[in-house]
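Below: one structure, written as structure tokens.
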């Protein structure tokens, strides 16, 4: 069984390993404390000698004089205590050099260990110290005043401390009493100098403040403080960039098609463009209509919706389009109501918004009337009663409404001969509605239902589709694979249309057409009918009397037929259940023009020298995409869920991390697996090659980073070591430019640094890493990017982050379906950004292509891939006017023409 523990690998063994590791860390801490105490005693003796000299009339060094730190003292003058890998503030206070009140970048000096006000925690969840005295020269130990009795009692007193914290408290007290140095300075005067924002907010807050001495910035996520040290080259935060970046994004291409779980999703417009939808975007694709796409095709996008589009209908004029969206919530948790947009496909301008506040959950099906040039629109929502309503298209006024059925409604349509006849079908039913209104007065229409009777024929579980024939009969396709012909009775056929008696339809013929359900029916211009099967994946053309004329089979890897649309001449467009859009005919077969994933996406990486990128996700497919040709280069079945990937700097191989702890190295040309390794049994969340290609880092949910040395352009690897110290699963990591160090984030908001070349050692003094340069910046926590976090963040609001290769902008993927663009570095709280909509689910990843010409973003549940063109300084083409920090795109600003 997967994940079963072998001998000696059970929970007891893991617990023993954890305890042993903790013991080793504590022993190291004791050595550090002993060394610090010895150095403190030596400095006290030096201080005593200085006092003696002063008493003898010899002048001692002043505060402004230059005194070097004794060689035994570390540059930061303070050991960092690290327990179980979590980050703990220094027990000895850091005091920088004197300077302007902005920032000071000299190395910190030692001070007595004062305590912060109640409620302030260190980065790892323990109490932290914070200096309150005036600044002094770097590296100088200065005495502090004894603690006054009137001060606030200790935060970690024995009465309120947990057993695990007491040894550390005793250790600190012992150090203070032995050296008489670590005295608490908690006077009212010193506390008055603290920033009032230094206390953390409540759960789910994101508050930040600057250390008064200018060494660090602290922000809070879920009440936990995260300390980030300011690089020495930054003298003042005021010199950092402010405002949104000059670069902007323009949606270039959308990969994918929503065929897995939707219907009424594929049509051909009068212009020849194919219209379909995915996520919140309605795509207008022109086969062969322009440079760049498969067969020279191009895309335009209607982006007026605020949540996922569920259905489409095309007006009889072939220009106007109606699209219905589902309900959702915005970033503040407020509900977004389902609505129908009627828009012009030539200008992409919204003409009418219908039903705001009238529908529940979402819009399930739409249809324009045909007999009166599309004057009316019928809508079925996704409420429990599946309300059927009729609307005046030009005025957006509801004319009639009625409860349809408690069962699912999958299709709706007007009779092309008579707008008073409406048909709905779905779970175990087909209903024929007579609309007695039609004068256009609001609410004057009545809808009367007559249920279809199956009689001697077996009643199917579902009737997913139907089509009207030129003679007025109706064909329905059902879950049994049958096509039923419904004809009107003789008396009703003589009845004039509007205002006459109810029309009665009965089954007059049945033909077994497919094995399994029939998902789509399409009436062709020559009067023949096409049917698309689910299980058998067959397309069949039917003549009069339901005689089969011709058929073709869709390849299995494309899935079953979901929708059929007739193109130019004999050309057909077919949408499939595996989110592919095929183009061809029954004689020559079909080839894909649009392809996509079918389940949640997480893994994304871009090629180091080409405009190509690779994706993987829960559908177990690994796909390499050509960003220039907007096409799928190749795909393969991983057999397991892929969660992360990265190209070797040579581009010859790519590594893919799976949800079982396995990782694969594949040749990008042959797709051959050249390496198959397993590290632990937890999922892998990040894989990253060093910039020189000599190391590979694997971040796992078992809290460890596995390091491998790499040779032969990535085809060979061997275990080099493990980075152990995080207290939660690894979420992000980056390599330094020299390939020797790693910065990593974890699930409990840690920022740790590792010396890989030195033996995968944890760098306990994080202050020393403040000036290190990073080859990539994908960690979501760090000084250079902390400004991207919104107020009130709970720590999960940002899923992915990527700095451009030119180090000018940062792209952010958030949990509210948005892609943001910030200036880099982004080290100001509440930094403004350019915000872009389109995804219908949390955005899981963003990456820039090798030359920063494109940005690729992944949707989670919507399985969409967006390719954005980066415009701005130095790029061709006008930059679209996108407001910064727009709460939601207005219809005008959301159109990408």
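Note that Cβ sites are derived from N, Cα and C of the backbone, with glycine treated the same way.
The shown structure was predicted, so the numbers you read here are calculated from the model rather than taken from an experiment.
If you compare 177, 389, 853 in Swiss-Prot, the phosphoserine annotation sits on 177. Same-chain residues lying 6 or more positions outside the repeat 'WD 6' (505-544) and placing a CB less than 8 Å from one of its CB atoms are 263, 432, 450, 452-455, 457, 462, 464-470, 473-489, 550-556, 558-566, 572, 574, 577, 586. DSSP states for the repeat 'WD 4' (399-435), grouped as helix (H, G, I), strand (E, B) and coil, give 0 helix, 25 strand, 12 coil. In the repeat 'WD 6' (505-544), helix, strand and coil residues by DSSP number 0 helix, 25 strand, 15 coil. Taken together, the residues in the repeat 'WD 6' (505-544) have a mean pLDDT of 94 on the 0 to 100 scale.
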